[in-house]
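Student: When I checked TrEMBL for this same protein, it listed these features:
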ACT_SITE  D322  active site, proton acceptor
BINDING   N76, A77, D78, G104, K105, G106, A107, N108, E207, D322  substrate binding site
BINDING   N252, K288, L289, G290, E291, K292, G293, G321, D322  ATP binding site
BINDING   D316, T318, C352, V355, G357, S361  K(+) binding site
COMPBIAS  12-30  compositional bias 'Polar residues'
DOMAIN    69-364  domain 'Carbohydrate kinase PfkB'
REGION    1-30  region 'Disordered'
Amino acid sequence: MRGIRLSPPPIQTTNTIQSQTFPTTTSNPNQVRFLPFQSKHNNKKKKHKTPILCLSSTNPSKIHPQPPLVVVGSANADIYVEIDRLPKEGETLSAKTGQTLAGGKGANQAACGGKLSYPTYFLGQVGQDSYGTLVTEALRSDGVCLDHVTTVSGGTPTGHAVVMLQSDGQNSIIVVGGANMSCWPDILPQHDLDVVRNAGIVLLQREIPDHVNIQVAKAARSASVPVIFDAGGMDSPIPQELLNYVDILSPNETELGRLTGMPTESFEDIAQAAAKCHKWGVKQVLVKLGEKGSSLFIEGEEPIQQPAIFAKKVLDTTGAGDTFTAAFAVALVEGKSKKECLKFAAAAASLCVQVKGAIPSMPDRKSVLELLNYH
């Protein structure tokens with residue numbers, strides 16, 4: 001099935017799909033502004049990358065762009081139901097409330113990058129339906145460039161998920177792949193791969209087909225662009241071909257245990273499981289440990305541990321892992337040390353769990369920096 005691109009031709013000032021018109025600017029205060037890129041930790045000369053300018057952000061001709069965060073992944077409508085507990089087999093429960101919000105691991109991470117005021121591009125697929133409009137409007141309002149989003153035809157729906165949110169803030173999620181898993185071209189268009197090659201950093205997850213992730217990771221490696229691969233999503237083994245092009249693998253402790261077939265109850269268990277990932281060729285393993293914080297295992301070095309930053313009240317953990325991973329990526333591409341990246345990400349995740357919803361809970365940069373002033 002053929003897709004419809006959201007990219008406008010150069011002479012246009014709006015992106016149009018059938019009867020829907022997408023404005024190319026926004027007055028949202030979180031709108032991305034491309035600022036000069038400087039890094040005190042990155043002094044090595046790198047091959048010059050031609051800036052990719054996003055037509056759906058502020059006027060790029062008046063400012064100096066940074067190499068963007070490029071997120072390739074899923075876009076979902078998250079259908080939230082609040083319940084006291086999970087239903088037993090054969091049982092029907094009444095939910096306290098229900099609402100539909102934009103989400104999906106890819107869209108979550110892109111929204112987080114946008115809210116943190118870093119130039120962010122999202123490459124993904126949505127259906128020609130109200131869910132697709134919900135997601136694209138949410139991302140655009142957070143300053144994310146959507147020039148590489150495709151609306152697929154033929155009745156394929158936008159991905160969606162049922163999020164069962166319990167009173168303690170924990171959640172269980174069932175995902176319907178929809179356009180996230182269908183209708184991708186066998187070979188990605190060059191203009192999509194070009195934005196990857198010109199990125200400062202690339203984020204991937206497991207809610208889109210492996211062959212898409214492999215092509216993106218290969219393109220990034222060819223241009224020396226670091227790739228962070230979030231292990232959340234499909235529970236099948238990760239292809240070795242993909243791992244060959246991943247710089248940082250980022251699972252939570254449950255995903256790490258499932259991938260390695262090893263226990264992850266203690267820190268020693270987690271360290272041994274991370275060491276197994278090193279044997280697969282992944283030099284860095286970033287493990288998200290929820291209320292226990294996070295740990296970065298770099299092959300040949302001592303682990304770097306970051307305790308969780310206390311949240312006053314945990315309302316919803318949905319999107320906390322995506323917030324952590326995206327915030328870590330933003331801090332890394334900005335040249336912060338690995339320890340600083342972990343702390344920045346911990347602060348962002350702490351703020352995230354205090355608000356209901358995935359994308360609505362993503363914090364802005366000012367809030368993260370204010371929280372860090374106290375830690």
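Quick reminder: no glycine exception, Cβ is built from N, Cα and C everywhere.
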Student: What is the separation, in Å, between the Cα atoms of A107 (substrate binding site) and N252 (ATP binding site)?
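Tutor: Just about 19 Å between their Cα atoms.
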Student: For the recorded positions D78, E207, D322, which one has the sparsest Cβ surroundings, going by other Cβ atoms within 10 Å?
Tutor: E207
Student: Which recorded positions (D78, N252, L289, D322) fall within 10 Å of D316 (K(+) binding site) by Cα distance?
Tutor: none
Student: Taking Cα atoms as reference points, which of the binding-site residues N76, D78, L289, E291 is nearest to G357 (K(+) binding site)?
Tutor: D78
Student: Take the mean position of the Cβ atoms of N76, A77, D78, G104, K105, G106, A107, N108, E207, D322, the recorded substrate site. Which other residues of that chain put their Cβ within 8 Å of it?
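Tutor: The answer, listed by sequence position, is G73, S74, A75, A102, G103, V135, G159, A161, A358.
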Student: If you count the C-beta atoms lying within 10 Å of each candidate's C-beta, which of the binding-site residues N76, N252, T318, S361 ends up with the smallest number?
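Tutor: Fewest other Cβ atoms within 10 Å, among the binding-site residues N76, N252, T318, S361, is found for N252.
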Student: Restricting to the same chain and to sequence separations of six or more, state which residues have a Cβ under 8 Å from that of V355 (K(+) binding site).
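Tutor: Within the chain, V355 (K(+) binding site) has Cβ neighbours under 8 Å at L315, D316, S361.
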Student: How many Å separate the two farthest-apart Cα atoms among the ATP-binding residues N252, K288, L289, G290, E291, K292, G293, G321, D322?
Tutor: 16
Student: Long-range neighbours only, meaning 6 or more apart in sequence with Cβ under 8 Å: which ones does G293 (ATP binding site) have?
Tutor: Q305, Q306, P307, A308, A346
Student: Other than its own, how many Cβ atoms are within 10 Å of the Cβ belonging to L289 (ATP binding site)?
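Tutor: The answer is 18.
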